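*Asks:* Quick paste of what TrEMBL says about this protein:
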- Glu132: active site, proton acceptor (ACT_SITE)
- Cys386: active site, S-methylcysteine intermediate (ACT_SITE)
- Cys152, Cys156, Cys159: [4Fe-4S] cluster binding site (BINDING)
- Gly207, Glu208, Ser241, Ser264, Leu265, His266, Asn343: S-adenosyl-L-methionine binding site (BINDING)
- 138-381: domain 'Radical SAM core' (DOMAIN)
- 1-47: region 'Disordered' (REGION)
Amino acid sequence: MDSSPQRPRREVRPTDQPPEGATHKNARPVLSFTAKRRGKAPSHLADLDGAGRKRILKDMGFPPFRADQLSRQYFAHFEADPARMSDIPAGMHEAVAHALLPRLVTKVVSLEADGGRTIKDLWRLYDGAQVESVLMRYPQRTTLCVSSQAGCGMACPFCATGQMGLTRNLSTAEIIDQVRAAHASCRDGALAGGPTSLSNVVFMGMGEPLANYKTVVGALHRLVDPAPEGFGMSARNITVSTVGLVPAIRKLAGERMPVTLAVSLHAPDDDLRDDLIPINSRWKVGELLDAARGYFLATGRRVSIEYALIKDMNDQEWRAQLLADELNRRGHGWVHVNPIPLNPTPGSIWTASTRRAQDAFVRRLREGGIATSIRDTRGSDIDGACGQLATAHAEGTRCVSLRKEKR
Ligand code: SAH
């Protein structure tokens, strides 16, 4: 027998597998900030603040007070169809539907998991682009995971959306209408357990929210601003997740909206992160953690570090220790770590860490004084990971819900 039971395992590198669709084996994921499509979604009430909505109505020859009525219908009653708004005269319906309430998202498929406590929707947008959102009920909260872009340009090799490239940015209202639909579903009892209310929104669906900065900040306003301007949700219940666009993190810190920042770190060292997260070629781990710490100082909101545990790639104990050291070097109590078992994308050679490696990783972080909680993997039986449903659907596996029945 080998005298060293802890003989190091071979380390899997992200470059062991070329990106999906690669034409040669040394191909690298390609970052992209330019959308394949240029079109803009029709303008909508949720793109505008209260004053903007009043201006449009006035220009159409309607009294400005109608703006508040329409806004209340949309943001407080989650109604998007003017024909169903009893306080709006029939003569206004068509004009309003055209100018302020065009239909932005149409459901393509809806899948349930976790005994009906998770619902994943695939939406078609005005130009045929598709995005996903996932609604998840927990004992103390109900969370919607929204998309901010169709596809994504960040090219992370382990992420299904990352393999699609960027189709286009969503508009503020395209993001907000995913949230409105979720509010209505919660109220109408679509989730197992009966009617509830939507309490949390996380920008962890398709896309890199900080690459669509202005639009996402607009959406944050609609989420947080009190009705009739917006939904009046609590900023502390909203999380913006980023791959690490450092200047945008600094900018967001100055928006005076104390939303939670989540940083998708996945590796504490540039050597690995350079290959795992292509944008690391631009902003390194040190700079990113400094910006994250700055976000905490500016907002008082504890930052989340997301860490997908990938077997034999980033799950070594020494990396847990390095992560703890890098975080502690910047202060205490400002951050917590959310490891999440990798949800492998179809065709990937990578898999989730073993339970043993995961436990050891978490233990090492906790012993280092870092608050750590494993993030759950809701909906993994319905192509739960970011982008997988849209990919499966585009490839014509329409019956994912049957194929992926709970094991
Ligand atoms: N672009 C943003 C938000 C979208 S992804 C970001 O990168 O943060 C939301 C989270 O899911 C990120 O932490 C991302 O790294 C993670 N993720 C993507 N693919 C995954 C997979 N296959 N398994 C586990 N987590 C994954």
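Using N, Cα and C of the backbone, Cβ positions are placed for all residues, glycine too.
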*Asks:* So which recorded positions out of Glu132, Ser241, Ser264, Leu265, Asn343 end up within 10 angstroms of Cys152 ([4Fe-4S] cluster binding site), measuring C-alpha to C-alpha?
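*Replies:* Checking each Cα against Cys152 ([4Fe-4S] cluster binding site), there are no hits.
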*Asks:* How does the model score the domain 'Radical SAM core' (138-381) in terms of mean pLDDT?
*Replies:* 95
*Asks:* Taking just the CA atoms, what is the gap between Ser264 (S-adenosyl-L-methionine binding site) and Cys159 ([4Fe-4S] cluster binding site) in Å?
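*Replies:* Between the alpha carbons of Ser264 (S-adenosyl-L-methionine binding site) and Cys159 ([4Fe-4S] cluster binding site) there are 12 Å.
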*Asks:* By the DSSP assignment reduced to helix, strand and coil, which category contains Ser264 (S-adenosyl-L-methionine binding site)?
*Replies:* strand
*Asks:* Which recorded positions among Glu132, Cys159, Leu265 have CB under 6 Å of ligand 1?
*Replies:* Cys159
*Asks:* Reduced to three states, what secondary structure does DSSP give Cys152 ([4Fe-4S] cluster binding site)?
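*Replies:* Once the DSSP labels are grouped into three classes, Cys152 ([4Fe-4S] cluster binding site) ends up as coil.
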*Asks:* Going by DSSP assignments with H, G and I as helix and E and B as strand, what are the residue counts for the region 'Disordered' (1-47)?
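*Replies:* Within the region 'Disordered' (1-47) the tally stands at 6 helix, 0 strand, 41 coil.
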*Asks:* Of Glu132, Cys156, Cys159, which is closest to Asn343 (S-adenosyl-L-methionine binding site) if I measure between C-alpha atoms? They're all recorded positions.
*Replies:* Cys159
*Asks:* Translate the DSSP assignment of Ser241 (S-adenosyl-L-methionine binding site) into the three-state scheme.
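*Replies:* The three-state answer is strand.
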*Asks:* Give me the CA-CA distance between Cys159 ([4Fe-4S] cluster binding site) and Glu208 (S-adenosyl-L-methionine binding site), in Å, as a whole number.
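*Replies:* One finds 12 Å between the Cα atoms of these residues.
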*Asks:* Express the distance between the Cα positions of Cys156 ([4Fe-4S] cluster binding site) and Leu265 (S-adenosyl-L-methionine binding site) as a whole number of Å.
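*Replies:* Pair distance, Cα basis, whole Å: 11 Å.
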*Asks:* Taking only the Cα atoms, work out how far Glu208 (S-adenosyl-L-methionine binding site) lies from the residue listed as 'active site, proton acceptor', in Å, as a whole number.
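*Replies:* Approximately 14 Å lies between the Cα of Glu208 (S-adenosyl-L-methionine binding site) and that of the residue listed as 'active site, proton acceptor'.
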*Asks:* Looking only at Cβ atoms, how many others are within 10 Å of the one on the residue listed as 'active site, proton acceptor'?
*Replies:* 29
*Asks:* Within the chain of Gly207 (S-adenosyl-L-methionine binding site), which residues six or more apart in sequence place their C-beta under 8 angstroms from its C-beta?
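*Replies:* Expected: Val131, Ser147, Ser148, Gln149, Ala150, Gly151, Cys152, Thr161, Leu166, Asn169, Leu170.
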*Asks:* Are there any residues at least 6 positions away along the chain from His266 (S-adenosyl-L-methionine binding site) with a Cβ closer than 8 Å to its Cβ? List them or say none.
*Replies:* Arg273, Leu276, Ile277, Glu306, Tyr307, Ala308, Ile310, Asn314
